[in-house]
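Engineer: Would you mind keeping the following structure in view while I ask a few things?
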Amino acid sequence: MASRVVTPALLLLLFSIFITFSPALCLKQHPLDPLTPSEFIHIKAIIHKAYPAQNLTFQYVGLDEPEKYTVLSWQSKSTTTTKSPPPPRRALVVTRLNKQTHEIIVDLSTRSIVSSKVHNGANGLPVLTLDEQTYANELPFKHEPFIKSIRKRGLDISQVVCSGFSVGWFGEAKSRRTLKINCFYTNGTVNLYVRPVEGIAFVVDLDEMEIIKYTDRFIVPVPKGEGTEYQASKQKPPFGPWLHGAPVVQSQGEGFSLEGHTIRWANWVFHLGFDVRTGTIISLASIYDLEKHKYRRVLYKGFVSELFVPYMNPTDDWYFKTFFDSGEFGFGQSTVSLEPLTDCPVNAKFMDAYYAGQDGIPVKISNAFCIFERHAGNILWRHTEVTIPNKVITEVRPEVTLVVRMVAVVGNYDYIIDWVFKPSGSIKLEVGLTGVLETEGVKYTKTDEIEEEVYGTLVADNTIAVNHDHFLTYHLDLDVDGEANSLVKNKMVTKRVKDPNIPRKSYWTIESETAKTESDAKLHLGLKPSDLVVVNPNKRTKPGNPIGYRLIPGSVAGPLLLEDDYPQIRGAFTKYNLWVTPYNKSEKWAGGQYVDQSRGGDTLATWSLRNREIENKDIVLWYTIGFHHAPCQEDFPMMPTLSGGFELRPTNFFESSPVLKVRTISPKHVPLPNCTTKN
């Protein structure tokens, strides 16, 4: 769990140090480094000086990054031995004060507020903080009608836990920041989400921090706790198979280096950042070209922009469960500490992360990231040649990759977010879904008892696991050897052979089309065979091919909700698997800057209505990976990890294979008793 690292007394001491000495930043600081604990303290002091009210809360504090050209200019002037002074550090601060949302830009170098404006809430409200969710979850236990409802069900209130859910928007005119509260029973298990107390619901006003609506409409049995416990120490025989861990021995030491937030590994160098809303941010990813003797940029910035999770139960107690895990709950804020040897292998190196709590005081997430070389037993490349007379030639190179991992836990789901770098120049983006299911308590124990639509699968007595989707939209600001890029759509077209003397009847070929505007680039993938490449049309290889990077999609899924359904209006950025927009610093969040109770007026879908030019421009790809989840009994009481992902792969980027001359350091010899020794 996250832990506070600064006490109020220490806050005053540190701030006095800031005032006594200069707030000048270390010259080695990278302009994209996440805000530090001392900077959060500095920001808190500046805001409270300008807004001395006691009831001010910090809803979001993040780096207000410099313009892209400023960062690239700084990078071009910096070397591995000499760093140019970084541009001035600024922070974007979103506060809540007197039921209004204030958007403030703070200049850390001058200790001043650059701009401040009030957001009226028409397009949504700020990210929910952990503190206000915690306070709201405690309110039911002081509410006498709720206490009576629990007694009426014969439950022990000391074993009841309540949790908040965002309320969405369904066409109504809203003025209050509200949260809905549902409760669960933990007697006999910590797997609380599989034991819902149905029929009871609260609505909490977050600004007043009071219950404004309470209902107790019906009673159904609370699902049983037996067999739902997932803690290893609580398991009883018979046990499953033993899994023997595979040791990773790196006798020559780790193969990557960390300098601040800059990571160097093999032929890659990139920057690792963190934000309370998105978590992992990969920036300035460049790969070394042996022939050109220089690093060439591939990706300026990439991160999970939004995660849309609509549940498919339209009843009064469930219809609002259409979550935006980044914009409503903060994917970074939901990051948890990684467990050595289980979440990450023995050769992993860990990094902490920090964000500002509701009171502005920095919160530390220990071991928020792990970075490790993965030796998975895969093959980087191989060939055995048997055609040459009297010779058998075998060349094999084992594949080693670098993985940057974080895990965000939003309620019942754990999301494993991996960025995987390959020496071939590929970047794989992988996501794993695990945790426990969101379930509904019902009266049924057998499927043949069900007399109505139940919107999911009966996975245990009195337990329906509800159908739902997961859509992760990635922001990918590709800079393929420079900022000016284009999207080329290579269509694979079947053609008939015209020469009657050739026995073949058909073949396929490629017809290329360059997307000129945003509307040209909106794509439903999987309907037709296609090949998508981001090219730099201004640079070509020696044979004349435009250099590029190919998008290799994973499994394709799109939304099944009607376009006029309110959750889909808010999540319209999932309508297409791929969007392309011109770079715009302010266009970061696919669901809009303010997502809680948003109305869909500020999303990727609305920005793209301008149909801007994207050919030979600085462009951003938005790619959505989707999962339709119809739960099954194997997902209960905990869900084995379901994985998906996609790949960015060099396409005519290099003059030839970049892994031909890759060398591997052989591990110490280990006897292989089951391997036949060659004579």
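Cβ atoms here come from the backbone N, Cα and C positions, even for glycine.
All TrEMBL annotations are machine predictions without curation.
Straight from TrEMBL, here's the annotation block:
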ACT_SITE  ASP325  active site, proton acceptor
ACT_SITE  TYR413  active site, proton acceptor
DOMAIN    30-117  domain 'Copper amine oxidase N2-terminal'
DOMAIN    126-222  domain 'Copper amine oxidase N3-terminal'
DOMAIN    248-660  domain 'Copper amine oxidase catalytic'
MOD_RES   TYR413  2',4',5'-topaquinone
SIGNAL    1-26  signal peptide
Engineer: Determine, to the nearest whole angstrom, how far the Cα atom of TYR413 (active site, proton acceptor) is from the Cα atom of ASP325 (active site, proton acceptor).
Structural biologist: 10
Engineer: On the 0 to 100 pLDDT scale, where does the domain 'Copper amine oxidase N3-terminal' (126-222) sit on average?
Structural biologist: 96
Engineer: So what sits near ASP325 (active site, proton acceptor) in its own chain, CB-to-CB under 8 Å and at least six residues off in sequence?
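Structural biologist: Listed in sequence order: GLU306, LEU307, PHE308, VAL309, PHE331, SER334, ALA408, VAL410, TYR415.
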Engineer: What is the total of other Cβ atoms whose distance to the Cβ of TYR413 (active site, proton acceptor) is within 10 Å?
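Structural biologist: TYR413 (active site, proton acceptor) is surrounded by 22 other Cβ atoms within 10 Å.
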Engineer: How do the residues of the domain 'Copper amine oxidase N2-terminal' (30-117) split into helix, strand and coil according to DSSP?
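Structural biologist: DSSP classes over the domain 'Copper amine oxidase N2-terminal' (30-117) add up to 24 helix, 29 strand, 35 coil.
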